[in-house]
Amino acid sequence: MPKLRSATSTEGRNMAGARALWRATGVKENDFGKPIIAIANSFTQFVPGHVHLKNMGSLVAGAIEEAGGIAKEFNTIAVDDGIAMGHGGMLYSLPSRELIADSVEYMVNAHCADALVCISNCDKITPGMLMAALRLNIPVVFVSGGPMEAGKTKLSDQIIKLDLVDAMIAGADSNVSDEDSKQIERSACPTCGSCSGMFTANSMNCLTEALGLSLPGNGSMLATHEDRRELFLEAGRRVMMLAERYYKHDDETALPRNIASFKSFENAMVLDVAMGGSSNTVLHLVAAAQEAEIDFTMADIDRISRLVPHLCKVAPSTPKYHMEDVHRAGGVMGILGELDRAGLIHNDVPHVAADNGGDLKSVLAKYDIKQTNDPDVIRFFSAGPAGIPTTKAFSQNCRWDSVDDDRENGCIRSREFAFSQEGGLAVLSGNVAVDGCIVKTAGVDESNLTFVGSARVYESQDDAVAGILGGEVVEGDVVVIRYEGPKGGPGMQEMLYPTTYLKSRGLGAKCALITDGRFSGGTSGLSIGHVSPEAASGGTIALIENGDQIAIDIPKRSIQLNVSEAELTQRRTAMDAKGPLGWKPVSRERYVSLALKAYALLATSADKGAVRDRTKLEG
């Protein structure tokens, strides 16, 4: 039977000093011997998705202590990608994922915690905590802060739904008046919570449900709704159940690596494709799988993407539906239920929401609104928005008159009535991206599924933005933004501003954009990221010249530079001949701190999850 990890610092006379310090934190005599549960919170006043999390750790702690544990909370950093977007701050976003993973590991291992609750929400925080949880492999439950309500405003006598991207597009569109732009800006992000569409934060919080590590509703229940309180309380109770199963009953199925198995990673990717999740999820799932020592690669993602239909279409791919609508339609469990009926997921995998070590099938039987007979579950998924601006969690208790169980015309569809039989994400490959690249097909206009255009090359996001706004980019161009990968950026910036500005200039469906950087979950259009190998690692994207023809064929999963192999060999030889100046941007002024240089030194390309190159660490 496994011994409590915390016994290392709480048992024996030689640990008198450690016990004295534990006592100074509030631990009582009769508490020693209880499991110590770490609560990794990520509260910050910088980020709307985290601004309401200050007291969430106390909620979870109360449930843990009531169930017989010792709860100890600490905090991680959290970067807001939207605020960091479009300037040097974005260089720090992806590297912050590794810092978060490391900080959770440091705190948990330094203090010998027995189990973990991760309170996350936004873009890099959930992935960083997920990497840490799988690295540590102690009982864990994830609970996020939840999505914000969709913005709403009246323009031209019509009520429209809004999100962050709408504010960005309006701000860059000269055809939108200053008054309308300001009105959209004021209305786009009305409450606390992660941005209201199927962007990276909400995508990742949904995927933790599919991985089996969070409770139903984690990805879709609004941050403002009173019902979300129960998710935090139940997370505390559930982690204690998992700890008891492992430490008292030697049940290894309570550990995250046995819950988030290869099958569960497949389930998560199937869900991702079906709901048209952010392309960043590919990066994070591959990274997390490596921490779990699971061989889950781009080849698996490519295989899955060819089999799974698009069952749930949400902003930014449509203005009609936001996360509040996904929740009304049954949330992640509603989508998984349809995927289960289509025979596309494994329902025999463990799940933290299952009682007594049960599986996903039992969870779906209770929480899929098309299966359940429980009126409390229907009530849970009827939780809706209040439309009142606030930074407070649990501030309202509004409900829809009914849930959306229309699988023919609703927010979530059955396989028969899918938005498309092609899924929402695809892996492309060809001489531009020998190791693959990612496109969010859910956001691509049908007329652009095949595209041939002339390369317009930029060696930084800043230059690309200037070129787009300055009129250099014209209809039919393929905008190439390179040296923005994990190593070359460094930090693999998101390219939301270039894609947004293409839309604002009426070029959103008339141009393509490819990059070794990545895209915000708010991106739509023919935007292809994660090109691997990246330019700084000798990728072909570094050899593209202005005017080269690039052919993109999403149905055939192909991206090809129409230049002869002989010419490419000549260009590669010339690049190699530059020595230390080769495979670097020709003209780019960018300050790179020592912290970012340290990240770049070990960073792998996107197809490996942009994680540290372990071969350099393991000799």
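Note: Cβ is positioned from N, Cα and C throughout, glycine not excepted.
Copied over from Swiss-Prot, here are the features:
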ACT_SITE  S520  active site, proton acceptor
BINDING   D81, D123, K124, E494  Mg(2+) binding site
BINDING   C122, C195  [2Fe-2S] cluster binding site
MOD_RES   K124  N6-carboxylysine
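Structure with Swiss-Prot features highlighted.
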| residue | record | Cβ neighbours (10 Å) |
| --- | --- | --- |
| D81 | Mg(2+) binding site | 28 |
| C122 | [2Fe-2S] cluster binding site | 28 |
| D123 | Mg(2+) binding site | 34 |
| K124 | Mg(2+) binding site | 30 |
| C195 | [2Fe-2S] cluster binding site | 32 |
| E494 | Mg(2+) binding site | 31 |
| S520 | active site, proton acceptor | 31 |
The residue listed as 'active site, proton acceptor': which of the binding-site residues C122, K124, C195 have a C-alpha within 10 angstroms of it? none
Taking only the CA atoms, the spacing between D81 (Mg(2+) binding site) and C122 ([2Fe-2S] cluster binding site), expressed in whole angstrom, is 8
Just give me the nearest neighbour of C195 ([2Fe-2S] cluster binding site) among the binding-site residues D123, K124, E494, Cα to Cα. D123
Taking the centroid of the Cβ atoms of D81, D123, K124, E494 (Mg(2+) site), which other same-chain residues have Cβ within 8 Å of it? V79, A84, M90, S93, L94, C122, T200, A201, N280, S520
